[in-house]
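K.L.:
Pasting in a structure now, in structure tokens, and then I'll have a few things to ask.
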């Protein structure tokens, strides 16, 4: 396909036009008084949101050159979302500011490669200063503040803090759509997996249709059990002790299942059989997790164990095992705590090493099941449009909270970025030429989030920026209450990871765009028209001949 090429200033200005169209759409959402953006959907109701990355993903521009610029900034938002889960609007705004100031200097004759060097030098200094002033968070109140600022809703912040308090920092917290109007928190303690009983005759509570066993033995195996003779020796040992049994196996069928059910109905022996969760290698890993949690040994031929020779000391135990039609929950397994910690560390290492998002998600689930439990935030609203918007805000707030727990917090409302300006200015003395220009570009860009938050609230951004710069570190502008306060004491905070990622990703893409000297796009070709339809069939000539 033929290409069209633009060079120099013309190419850069076309890219900048696309950057501005995307950034101007996104930046109106910044801050507590930021507005929403409505996005048309081909199917269903329009989406109303203030989530930067969601808005950016929807933008495709007609002009190919402008679209390239927009796609580059979209990458800033997407990368920040992937790394920190929030701060995408800030990242987009910083990218726009760096590109605007940078292109002015390139047009005036500055060398973009040297400017790029200055930009990276300044960003490194700013990030180092952010890390130095970062405060770690431990208390439930601090976690609630981070969530409340991100979602602009104190109730959401409190809900997330409650969830983290119950399942721990490594616990899984998921966000789901509720069928009711309210937003609620459901917590599942212990390990739960999505496999229920193999026969409804095994239930102990016929009203709730669930089997609840306290202090029962747990047999874990990767074998398919179809012959009762295989497990008869171990069953006899358990019956002698008068204990109940939970069997977790690849499958239990035929004679084996029928015998267990008949014995349960006769009152001879209480047992519930459950299929092992997962598939393939993931099933093996989950069986190992269950074994570690309950203190059992996985009875597997791969490990040299056979069901016929299994003994009671190979079985695990737990305070409670609850099995319903679809789920099995093991609470307070009696496994060795050190072995559980080692298993948790092993899974954390796998999470760090994996590149697959799907694998990462499944490993996170396993980690949560071993280390605490799962919390589900059920999001409710009056209409579907409000429900989608609220769900996106809660997901962002949850990501921001996790980031804050990981790397700590800094002053919010754009204050932290203004506070690191002196560290960037300190580099100016030892720099010269275009490298100095690159440092000054970052120095100016660091003001932009605070300026935009003020302007979205209908205030003069420059006045607010100058006042914050002349105040003590940590003093910022509380837009909602129209006063200057110590941001951290007032609970207006941002996660360090979010602020750092936004700046690093914005600088990375923007500096690359400044070094562009030509842009190449496909020439839009006219699509050939559809061929004409077939001619109509002629009518039948003459009438029927007379007999």
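Including glycine, each Cβ sits where the backbone N, Cα and C put it.
What you are looking at is a predicted structure, and each value in this text was computed from that prediction instead of being measured.
According to Swiss-Prot, the record shows the following:
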| type | residues | note |
| --- | --- | --- |
| BINDING | 29, 30, 31, 32, 86, 87, 88, 89, 90, 413, 478, 479, 480, 494 | ATP binding site |
K.L.:
Please state how far apart, in Å and to a whole number, the two most distant Cα atoms are among 29, 30, 31, 32, 86, 87, 88, 89, 90, 413, 478, 479, 480, 494, the recorded ATP-binding residues.
P.N.:
22
K.L.:
By a simple count of other Cβ atoms within 10 Å, which of 29, 88, 90, the binding-site residues in the record, is least packed?
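P.N.:
With the binding-site residues 29, 88, 90, fewest surrounding Cβ atoms within 10 Å: 29.
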K.L.:
I'd like the number of other C-beta atoms within 10 A of the C-beta of residue 31 (ATP binding site), please.
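P.N.:
Its Cβ has 25 other Cβ atoms within 10 Å.
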K.L.:
In DSSP terms, helix, strand or coil for residue 86 (ATP binding site)?
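P.N.:
Assignment for residue 86 (ATP binding site) reads coil.
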K.L.:
Would you mind pulling the DSSP three-state label for residue 478 (ATP binding site)?
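P.N.:
The three-state answer is strand.
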K.L.:
For 86, 478, 480, listed as binding-site residues, tell me which one has the smallest number of other Cβ atoms within 10 Å.
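P.N.:
Lowest Cβ count within 10 Å among the binding-site residues (86, 478, 480) is 480.
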K.L.:
Any idea what DSSP makes of residue 31 (ATP binding site), helix, strand or coil?
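P.N.:
Note: residue 31 (ATP binding site) is coil by DSSP, not helix or strand.
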